[in-house]
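The following features are taken from Swiss-Prot:
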BINDING   Ile279, Met280, Phe281, Thr282, Ser283, Gly284, Ser285, Thr286, Gly287, Leu288, Pro289, Lys290  ATP binding site
MOD_RES   Met1  N-acetylmethionine
REGION    554-582  region 'Fatty acid-binding'
Amino acid sequence: MEDSGVNPMDSPSKGSDFGVYGIIGGGIVALLVPVLLSVVLNGTKKGKKRGVPIKVGGEEGYTMRHARAPELVDVPWEGAATMPALFEQSCKKYSKDRLLGTREFIDKEFITASDGRKFEKLHLGEYKWQSYGEVFERVCNFASGLVNVGHNVDDRVAIFSDTRAEWFIAFQGCFRQSITVVTIYASLGEEALIYSLNETRVSTLICDSKQLKKLSAIQSSLKTVKNIIYIEEDGVDVASSDVNSMGDITVSSISEVEKLGQKNAVQPILPSKNGVAVIMFTSGSTGLPKGVMITHGNLVATAAGVMKVVPKLDKNDTYIAYLPLAHVFELEAEIVVFTSGSAIGYGSAMTLTDTSNKVKKGTKGDVSALKPTIMTAVPAILDRVREGVLKKVEEKGGMAKTLFDFAYKRRLAAVDGSWFGAWGLEKMLWDALVFKKIRAVLGGHIRFMLVGGAPLSPDSQRFINICMGSPIGQGYGLTETCAGATFSEWDDPAVGRVGPPLPCGYVKLVSWEEGGYRISDKPMPRGEIVVGGNSVTAGYFNNQEKTDEVYKVDEKGTRWFYTGDIGRFHPDGCLEVIDRKKDIVKLQHGEYVSLGKVEAALGSSNYVDNIMVHADPINSYCVALVVPSRGALEKWAEEAGVKHSEFAELCEKGEAVKEVQQSLTKAGKAAKLEKFELPAKIKLLSEPWTPESGLVTAALKIKREQIKSKFKDELSKLYA
C-alpha cells in the first residue's frame, strides 16, 4: 500500500478540534498565569519584611533596622568617606558625562496686572551642560581662588544664594580646602541673616548678585565678613553703588575668583570623616534658626543609605534641581545624583512648569525643556500639581471628565490590587488615552519621585502615582539626621507611611507616657521617634545645652537624636508618623487635639491653599486660619453670584466663609475626625504664606509661632 504521507491522527476534523481546544487552553493559561502570579506577588509584598527588630543600646524602646542591612552602611564604596573624596572619584569615573546644566537666558519682561502689581516673566532657552571633568576643574579653580583672595582655611564660608550650578561648585570647592560651609536660605530676613553670619563668624560670603543690595544695607552689622563673592546672573545688573557701599569688605565676582585660582593653583587640604562639612541653619518654626553641624561622614553615609533603596540611577538619568540647596533634603539628593553619575539640571519653583508664575507665555518651563527622569518634591508642591490637574479636568467637563474619572478609578483599583491593571494591560491603555498628557506637566519622563520635608497625604500620593505613572519614595528625616531616617521603597504600594529605616541607621520608638503612646500598644508599638546611627549629626553650633537635651550617645557609642515626633511601626517594619509632641493640645473638657493631624485632613479640601488650626486649653473648641485657593474660591463666587472687586473683599464675605467651612467639615468627616477636632470658626486670609513672609519654611511647612504672633488679633476675635 502506497504511503499517502498523511498521518491518521492529522484528520481535518481532529486537527480543527485540537486547534480550538489549544486556543481555549492557551487563553485560560494566559489568564490564569497573571492571576496566580499576582496572588503570589501580592502575598509576597504584603508579607515582605522591610524592617526588622534589633537590640541596641541606650534608652529602652522598640528598634528597627533595614531588613537588607545587618550592618550599617557608611560609604557608597571604599575610599569615599568624605565629600571631596567622593566627588573627585565620581568626576574621574564619569569625566566625559553630563553633570551640571543651566538654561540659557534669552530675555525678560514685566507685565502689569489689573490691580497694578508688576510681574517678571522670563524667556529661557535650552539647557547648556558642563561635564563631570569640566565641573571638577572649576571646583579646583574656585578652591585655589578662595585662598588667593585671602580666605583663611580655618574660617567659614557662607552661601546665601538660590539653587544653581555655582552654588554646587562653590560648595565642593570649599571642601577641597577643608573649609566649613554655612548654608543660608536665600529667602531669609535681615535679622536672621545677620544672626546666622555673626553667630558662625563667617569670613567669606557667597551670594547671588541680586542679594548685593540687601547686603549693602546691613554690611555695618556684619562683624566678621571680609569678602563677598557674588554670582553673576544673566539679566541682573550689578549696581556700582551696591559694591562701593560695602565699606572694608572686598567684593569679587565668582568668575574672577575662578580665574585667579586657575592662574595660581593651591594644593588641596582634605578633611577628615569627622570634620564638620556644613553648618546648616534649620528653617524651624520657633525663634531664631539653630545651626546644625553636619560632618562629612554624615553626608556620605546618608547618600550611601539612599542609594541602597532608590531604583538604580546611572548616567542616563536626569534630575531636576529646584528646591533650596540650603535644605538638607535637596543637598542630599544632589549628592546621591552625582555619586550615581547622573546629570543635574537646575531650575526654580517659579519657572518649573509651562504655567509657572515667571514663565513667559508660549515658552517652556524647566521640566518641559529638561524632561527629567528623577525629581524631588515637597508635599505642598505635589498638592498644587494635583489641584491644577483637577481644575483643568473640571474646566473641560463633559466626556473628558467622565473618561478621566473612569480611568482614574480603574487605575486606583489596579494599584490597590487588581491583577489585570497591575500587569500593565489597562495601564498601557489609560496611559495612552488619558494620563500621557498629564505626565507632560512634569516633562513626561519621570520614573521615580522622592518626597520629603513634610507628610504627603495618601490622596495626593495615590494621585501622583496614577497620573504621573511613577512610584514615590516618601522619606522621613530632619536636618539633625542629615535627612536620613527612613525611606519608602519603590515597590511598596502602601500610602501614609514613610518606609523602613535607611541602611545607614536605626529608628527606635520610646514610650511617651504623658501622651499615651507606648511601645506596648497593640496592634502596633507607638512612641517618640528616635533616630540613631551614621546619619545623626554632631549637634547644634554654639548651643551645648540644646544639644545635650536632644542628642544622646549610648554605651555602645551609637549617637541618637530625639525628634519630638510620634510614630508607630507597621508589622512589615515600616514607620508611620502619626503626631508631634508639641502639636498636641488639651482642650478645656479634656479632649486632646493633634493640630498637625487635623491640618493634614482639612488640607485635602479644594479650597485650602494653606491652613493653621489653633487650639486653646481654656476653650472647648478649636479654630482655623485659612489661606484659600484663589482660583477655587473665585470660581465658586462666580457660579454662586457672589460679587466682589478684590480677592480680599471676597475673603471677608460671610457666604465665602460658610462655603469654605462646609468644605472643611466635609473633609474632616471623610478623615473620621471627631467633632471637637473640627474648627468651630475660621478666618479667611487673602495673602499667601511664603518663605519670604516668614510664615512657612523653605519646605513650605507652616511656622506656627510666627503665624500665631502675626494674626493674634484675628485668633482672639475667633474666640470672642
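Each Cβ is built from the backbone N, Cα and C atoms, and glycine gets one as well.
Each residue of the region 'Fatty acid-binding' (554-582) gets a DSSP state, and the totals for helix, strand and coil are 2 helix, 17 strand, 10 coil. In the predicted structure, the region 'Fatty acid-binding' (554-582) carries a mean pLDDT of 95. Just so you know, the Cβ of Ile279 (ATP binding site) picks up 25 other Cβ atoms within 10 Å once every protein chain is counted. Fewest other C-beta atoms within 10 Å: among the binding-site residues Phe281, Pro289, that description fits Pro289.
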